[in-house]
Amino acid sequence: MLQSLAGSSCVRLVEQHRSAWCFALLVLGYLLYLVFGAVVFSSVELPYEDLLRQELGKLKQRFLEEHDCLTEQQLEQFLMRVLEASNYGVSVLSNASGNWNWDFTSSLFFASTVLSTTGYGHTVPLSDGGKAFCIIYSVIGIPFTLLFLTAVVQRIIVYVTRRPVLYFHIRWGFSKQVVAIIHAMVLGFITVSCFFLIPAAIFSVLEDDWNFLESFYFCFISLSTIGLGDYVPGEGYNQKFRELYKIGITCYLLMGLIAMLVVLETFCELHELKKFRKLFYVKKDKEEDQVHIMEHDQLSFSSISDQAASMKDDQKANEPFVNSQSPTSNDSSLNN
């Protein structure tokens, strides 16, 4: 008896705080996923880093042995300056001296990466004025970009997602949930093909040092707005039609970002995902719901009362046993 009561009380406690328990599990799962990623990256990349360090150490030692007139301190100062310039997108290599980072097309590409929050980091402002302008430009431009993308996605998703799903649901009688799931999968496949697979094949041909995996990696890192900056197109030596190539990449990034947002919005509108997300949300208090209902009722009270009055008049007019004489005529007949 006591065990059944205790079990029922525990079940009741879990049901009452179901959202809090789900949120706690979500936080725990996210932390475990971070730890899992750290363990995998560390185990995979640490040996390669060690090999690279050993190789660089051997090259440095060999260079010092071949050039006795140069001290190790002078070499390290030179390398520090070269690395500092490289962080600003300036290279001392002769095959890269012809590429300017701040011509119009490169600046347009940089502005698009800043406003889309991709931020490759291969090119950064050098002057204090450029840094100050970048802050002001981003503070205004990033919300403006979000507004622009939201408006574009809202218009596109009506014609790409909602109307096709509604058409198959009404015209052919299919279940709306099933049609929405199939449509989301087809739309995701088309987006992956048009903005990942095909561009990756094109980049692997146009970029001399990229294979298909590296090109696909660049497409994913860019359109997911991660923007690590280890692969940036159009920076190779003697790149043909570099200005036109940079403009094309800028258009690709903008269109790909819109396509990604349309796919994400399509998946977010699925009934199953909506139901799953609600597990982690805080439920509204009953007072808030009552206030919302009262506000809604106050807005529609006049129209409802008018409809009720008209319905009451119609009902009286249709009743067969209602006397149509006025009260004054009834009083006069009683007096007579």
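Cβ coordinates come from backbone N, Cα and C, glycine included.
For reference, TrEMBL has these:
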type	residues	note
TRANSMEM	21-44	transmembrane segment
DOMAIN	94-156	domain 'Potassium channel'
CARBOHYD	ASN95	N-linked glycosylation site
TRANSMEM	135-157	transmembrane segment
TRANSMEM	178-203	transmembrane segment
DOMAIN	192-268	domain 'Potassium channel'
TRANSMEM	215-232	transmembrane segment
TRANSMEM	244-264	transmembrane segment
REGION	306-336	region 'Disordered'
COMPBIAS	321-336	compositional bias 'Polar residues'
Exercise. Under the DSSP assignment, what numbers of helix, strand and coil residues are found in the domain 'Potassium channel' (192-268)?
Worked result: 54 helix, 0 strand, 23 coil
For this session: Kindly report the helix/strand/coil residue split of the domain 'Potassium channel' (94-156) according to DSSP, in that order.
Result: 44 helix, 0 strand, 19 coil
